[in-house]
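S.K.: This is the structure I have questions about; it appears just below.
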Amino acid sequence: MLSILLTLLLSKYALGHEVWFSETFPNESIENWVQSTYNAEKQGEFKVEAGKSPVDPIEDLGLKTTQDARFYGIARKISEPFSNRGKTMVLQFTVKFDKTVSCGGAYIKLLGSDIDPKKFHGESPYKIMFGPDICGMATKKVHVIFNYKGKNHLIKKEIPCKDDLKTHLYTLIVNPNNKYEVLVDNAKVEEGSLEDDWDMLPPKKIDDPNDKKPDDWVDEQFIDDPDDKKPDNWDQPKTIPDMDAKKPDDWDDAMDGEWERPQKDNPEYKGEWTPRRIDNPKYKGEWKPVQIDNPEYKHDPELYVLNDIGYVGFDLWQVDSGSIFDNILITDSPDFAKEEGERLWRKRYDAEVAKEQSSAKDDKEEAEETKERKELPDDAKASDEPSGDHDEL
């Protein structure tokens, strides 16, 4: 009993760092997770599996989507609902695509404690949505969405995600000074402020509705050059008679009418003349009303605060299944999260890279051997054929 209590204590306060949630899928059990039955006939099934080509069949176990063209919903309760008020919060997880993804989400959601996980679906309210989303060539990005006062707000920046078949680590850090960082594979890819990079608050400044453009304001940047004159020989017809055309021998003026030469493009034709354009000396630039303080704006020092976080969940639509989620961590320590990322993700990623390079090397050597064999003369190819004894008839 003492060892169990100690383990629980360490899981929550790891070396002085609070860990609100941790899941590494140490075995194939999925009993702590509740799969949604919402719209059941279109729901795909999650299983705890290691994928098609694991580096380690145990350590690579993760929550895997198993059916193509399905919605997915699953959630796990956090033992003690929490708030990040006054603290840094780090949300981190790994995802590996078991096959190439043409379209599918791979993001995690933090949910309130009042949700019914069996009814969890795309319209269910959430606190944060974070992670990669891929659909065709147009969408390959990391979503970072905050719910603020009941409305979901998307980040205004584009953060690219990974779309290969290796395991990748995604980390979101939210600080109590309303600053944030996004890391991919333990490397910072974006940072900024919640106020600047989301439209959670009204703008600080707005156009003065009482400011009017002066009547003498000149908007036209370019004008016709008054000194530019059309050349005397400019106007020429667009087409002219083809002087090389001959009247057909069988043309009968009485029957066919008077023969006329066909028209052809006039090489002297220059089109409609327009004077050249010059800078307008009276141009004042684009007029904009003056900016004034927005009476609707009010600074909120607690944009970062998320209260009553009670569940971790995945709500997805996937054309291509095979996404494996693992190493989910919510903590108040960026350093601890980075250490865990290196411990749990790095060795797997490095092994996958080495395996990929080895496979590519083998493929290259095989291709070179095939090419060399094709270039051999026929008699040399025959001598390379395997010989064998044949029974006489």
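Even glycines carry a Cβ here, placed using N, Cα and C.
The signal peptide annotation in TrEMBL covers 1-16. Marked as disulfide bond by TrEMBL: CYS103-CYS135. TrEMBL lists TYR107, LYS109, TYR126, ASP133, ASP315 with the feature alpha-D-glucoside binding site. Annotated region 'Disordered' per TrEMBL: 194-277, 351-393, in sequence order. Per TrEMBL, compositional bias 'Acidic residues' is recorded for 217-226.
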S.K.: Could you check which of the binding-site residues (TYR107, LYS109, TYR126, ASP315) sits closest to CYS135 (disulfide bond), going Cα to Cα?
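M.R.: For CYS135 (disulfide bond), the closest Cα among TYR107, LYS109, TYR126, ASP315 is found at TYR107.
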S.K.: For the recorded alpha-D-glucoside site formed by TYR107, LYS109, TYR126, ASP133, ASP315, name the remaining residues of the chain with Cβ within 8 Å of the site's Cβ center, in chain order.
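M.R.: Once TYR107, LYS109, TYR126, ASP133, ASP315 are set aside, the remaining close residues are GLY105, ILE108, MET129, PHE130, GLY131, HIS143, ILE145, GLY313, PHE314, LEU316.
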S.K.: Using only the residues recorded as binding alpha-D-glucoside (TYR107, LYS109, TYR126, ASP133, ASP315), report the maximum Cα-Cα distance in Å, whole number please.
M.R.: 17
S.K.: Out of LYS109, TYR126, ASP133, ASP315, which of these binding-site residues is nearest CYS103 (disulfide bond) by C-alpha distance?
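M.R.: Result for CYS103 (disulfide bond): the nearest of the binding-site residues is ASP133.
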S.K.: Among the recorded positions LYS109, TYR126, CYS135, which residue has its Cβ surrounded by the fewest other Cβ atoms within 10 Å?
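M.R.: Relative to the other recorded positions in LYS109, TYR126, CYS135, CYS135 has the fewest Cβ atoms within 10 Å.
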S.K.: Counting by DSSP, what is the helix, strand and coil composition of the region 'Disordered' (194-277)?
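M.R.: Secondary-structure breakdown of the region 'Disordered' (194-277): 8 helix, 13 strand, 63 coil.
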S.K.: Taking each of the binding-site residues ASP133, ASP315 in turn and counting other Cβ atoms within 10 Å of its Cβ, which one has the fewest?
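M.R.: Taking ASP133, ASP315 as the binding-site residues, the minimal 10 Å Cβ count falls on ASP133.
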S.K.: Starting from each candidate's C-beta and looking 10 angstroms out, tell me which of the recorded positions CYS103, TYR107 has the most other C-beta atoms.
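M.R.: Answer returned by the neighbour count: TYR107.
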